Protein chains: 2
Amino acid sequence: MISRVLAADVPAHIGARIRVTGWTHRRRELKSVTFLVLRDRSGLVQVVLPQPVDVPEETVVQVEGVVIASDKAPGGAEITEPVVTLLSEPAQPPPFDLYRPNLSATLPTILDNAPVALRHPKMRAGFSITAASVAGYRAALDELGFTEVHTPKIVGTATESGANVFGIDYFGRRAYLAQSPQFFKQSLVGVFERVYEIGPVFRAEPHDTTRHLAQYTSLDAELGFISDHHDVMAVLREAVAGMVSAVRTRAAEAVDLLGIRLPEVPPVIPEIHFADALALVGADPAEPDLAPAHERALSEWAVREHGSEFLFVIGYPIRKRPFYTHPDPARPACSNSFDLLFRGVELVTGGQRLHKYSDYLAVLADPEPYRGYLDAYKHGMPPHGGFALGLERWTARLVDAPNIRQTTLFPRDLNRLSP
Amino acid sequence: MISRVLAADVPAHIGARIRVTGWTHRRRELKSVTFLVLRDRSGLVQVVLPQPVDVPEETVVQVEGVVIASDKAPGGAEITEPVVTLLSEPAQPPPFDLYRPNLSATLPTILDNAPVALRHPKMRAGFSITAASVAGYRAALDELGFTEVHTPKIVGTATESGANVFGIDYFGRRAYLAQSPQFFKQSLVGVFERVYEIGPVFRAEPHDTTRHLAQYTSLDAELGFISDHHDVMAVLREAVAGMVSAVRTRAAEAVDLLGIRLPEVPPVIPEIHFADALALVGADPAEPDLAPAHERALSEWAVREHGSEFLFVIGYPIRKRPFYTHPDPARPACSNSFDLLFRGVELVTGGQRLHKYSDYLAVLADPEPYRGYLDAYKHGMPPHGGFALGLERWTARLVDAPNIRQTTLFPRDLNRLSP
């Protein structure tokens with residue numbers, strides 16, 4: 001059997017007899033000729049048949065034939081003199097037309113039929129961008145001496161934050177799904193100095209919003225021997241630049257197909273202090289946090305003022321940040337923490353953490369539930385900090401998807417547990 | 001401030017004034033001189049002090065000084081004329097001596113004190129090998145056109161296999177932790193043809209063994225347009241070769257420190273049919289599976305007979321494999337599945353899967369719980385197969401750890417939920 005050629009590579013084989021395999025993306029019967037458009041992981045290729053064939057859309061086929069140049073075919077080539085073999089037949093037609101330029105179905109219908117809907121080239125493209133982004137994140141941090149780690153998703157105490165946690169029956173005991181690898185990655189700074197983890201995190205989010213899910217993929221990093229949060233922000237800048245760069249090189253076709261514009265990541269991302277940010281958007285100076293409308297306004301300001309689609313907001317009030325947040329030594333009511341805004345939303349949260357055992361004892365009313373976590377601090381921990389970036393949210397902003405479910409393969413939320 | 005030099009790079013700076021940071025790994029006071037051995041993520045470096053200093057082990061320090069050549073110092077260089085700054089002091093001494101060549105403590109003590117125990121260079125080395133292995137796995141599959149995916153760890157039905165699952169309270173409904181990404185990765189073959197996922201899987205394993213955990217990291221892959229399971233085995237061979245190669249290049253120091261021997265991956269890994277394997281080890285031909293002792297004997301045989309530390313066993317009885325396993329068309333009581341044995345244990349399980357909707361209906365007594373999963377098969381799925389490799393088990397075999405908990409950062413088992 002001659003070896004398989006991918007659809008995207010067919011134009012390089014003009015004059016040759018080749019074999020392609022894939023799905024019947026579209027069948028068009030004209031008076032004297034039938035066109036089959038075949039879809040594989042690389043793209044589409046057109047096959048010309050002298051007579052009609054009974055190959056409904058989504059049939060898995062193999063086609064052997066001769067490649068000829070054709071101005072009218074996608075890619076400038078098509079396959080003639082075909083021998084079509086059916087590899088696997090569909091039991092029923094798809095619930096929507098996958099061959100149309102855009103998938104015209106409601107989001108619930110798309111999500112209910114995800115295994116089929118994701119086959120649409122534009123749906124698939126978003127996830128190619130996701131995969132490229134992750135590869136770029138890892139490449140950037142590997143280059144900076146980080147070690148990849150894998151930490152428990154089942155934890156014994158629900159201690160990290162006020163957000164809701166999922167309870168598990170753990171061999172008859174109560175346990176919880178980890179809301180983040182926060183405590184683990186901090187402990188591991190004591191081991192590897194610089195760590196990252198890419199994995200699922202879980203939030204029992206009781207609200208049905210367009211930007212929250214019960215499970216999402218968190219790109220976490222943590223590093224030691226920092227001066228303050230600015231060292232963390234500098235690493236985050238490299239990580240994000242690596243992500244954009246990898247999308248550009250590894251997912252170029254997806255970027256083209258979706259017609260999206262990739263952001264430039266400035267060598268130094270502009271920053272604004274939380275207090276100045278509130279003033280800029282005309283909010284009450286006593287506000288403890290930024291509202292979504294404020295984040296949008298700040299993003300627009302950063303584009304206008306700095307030509308940057310990225311903006312750091314630093315110095316959030318310490319009372320609104322998690323207990324492990326390091327205060328700003330010069331203004332202790334403010335924290336050495338930051339959010340990174342991108343295209344109007346908060347993409348990343350991070351900051352410097354407390355690193356002294358005595359500081360933890362001072363902020364924790366009851367340290368007992370944190371005993372395992374605090375062990376690392378008893379034994380010498382360097383000044384450190386880190387961040388967490390939500391992968392699905394990142395892709396949603398890149399492809400301009402209004403709902404995070406559009407950039408999640410199989411979303412989990414208040415109402416959705418399948419497919 | 002002069003920029004930081006890593007311990008491993010100090011010998012390249014003889015004559016220069018440099019700055020290093022890290023932990024006091026060891027302090028030795030002689031009559032006229034005190035040695036501080038400083039540990040950072042790259043290794044160790046010796047600092048020579050003219051007088052005693054009060055810097056207990058695990059203190060986080062910064063040292064500025066001049067590098068001189070020294071035959072007696074590790075790496076052939078040491079730091080003199082030091083200015084030592086304490087960055088962070090331990091609240092108490094570690095529960096064991098981290099500076100000894102080997103950590104002398106029982107496994108429970110090590111696990112109870114994981115945040116500190118993992119700082120031991122030999123403990124840390126194992127996880128550098130893990131990180132390198134994962135990088136190699138991804139590089140090999142990326143090269144073969146795979147797409148990385150992230151799938152739900154919370155599922156609505158506990159349907160995959162007989163193994164125990166963890167129940168979750170999911171917004172008042174019953175849900176479960178995914179035992180594997182099996183159904184998702186198969187569905188995604190319909191989208192990307194070739195996918196891999198690296199993530200946590202969960203088994204409510206009620207037995208306390210040296211090779212099972214409640215959570216482990218699964219390296220999953222699945223690919224379409226295969227002829228049979230041998231195409232899957234060929235991809236697995238590349239993945240494993242990529243892992244070994246990456247360990248050799250990215251974790252060379254860890255390999256040296258642990259004194260381990262990396263395996264050669266033969267261009268084609270030898271295979272033996274399950275029936276022949278039973279005969280070879282003198283087992284009852286009616287046995288439905290291989291016992292651990294059989295797996296060890298087979299591994300020894302493969303080394304003797306084929307000079308290979310890897311051995312595929314194929315053709316397991318179909319009644320002992322999961323329902324989605326594809327039968328061997330020539331011998332329907334056997335399956336197109338395989339295990340990969342490595343150094344005496346089963347490292348990977350995989351095989352060809354059913355791909356026709358009608359075949360699934362034929363094997364499932366009640367297809368209703370599988371509805372979401374079966375949707376993909378209604379709409380044309382190519383012949384496909386895949387595999388899953390347990391990451392912690394892989395590293396355990398590489399570093400010859402008798403217990404999988406030794407190659408898991410923070411293990412979760414019947415009795416252990418923290419740290």
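Cβ coordinates come from backbone N, Cα and C, glycine included.
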From A:2-5, A:10-13, A:130-133, A:182-185, the residue range that TrEMBL assigns the feature region 'Aspartate': A:182-185
One of A:Glu238, A:Glu253, A:Glu346, A:Glu368 listed by TrEMBL as binding ATP at the site of A:Arg203, A:Ala204, A:Glu205, A:Arg211, A:His212, A:Leu213, A:Gly390, A:Leu391, A:Glu392, A:Arg393: A:Glu346
Assigned conformation of A:Pro74 (site 'Important for tRNA non-discrimination') - DSSP reduced to three states: helix
Cα-nearest neighbour of A:Pro74 (site 'Important for tRNA non-discrimination') within the listed binding-site residues, A:Arg203, A:His212, A:Arg353, A:Leu391: A:Leu391
Where the record names A:Arg203, A:Ala204, A:Glu205, A:Arg211, A:His212, A:Leu213, A:Glu346, A:Gly390, A:Leu391, A:Glu392, A:Arg393 as binding ATP, the maximum Cα to Cα distance in Å: 20
Cβ packing number for A:Thr349 (L-aspartate binding site), 10 Å threshold: 18
A:Arg203, A:Thr349, A:Arg353 screened against A:His212 (ATP binding site), Cα within 10 Å - retained binding-site residues: A:Arg203
Count of other CB atoms lying within 10 Å of the CB belonging to A:His212 (ATP binding site): 17
When distances run from the Cα of A:Arg393 (ATP binding site) to each of the binding-site residues A:Arg203, A:Thr349, A:Arg353, the nearest one: A:Thr349
Mapped DSSP class for A:Arg393 (ATP binding site), helix or strand or coil: helix
Listed binding-site residues (A:Arg203, A:Arg393), ranked by Cβ neighbours within 10 Å, top entry: A:Arg393
Within reach of chain B, those recorded positions of A:Pro74, A:Glu205, A:His212, A:Glu346, A:Thr349, A:Arg353, CB-CB under 8 Å: none
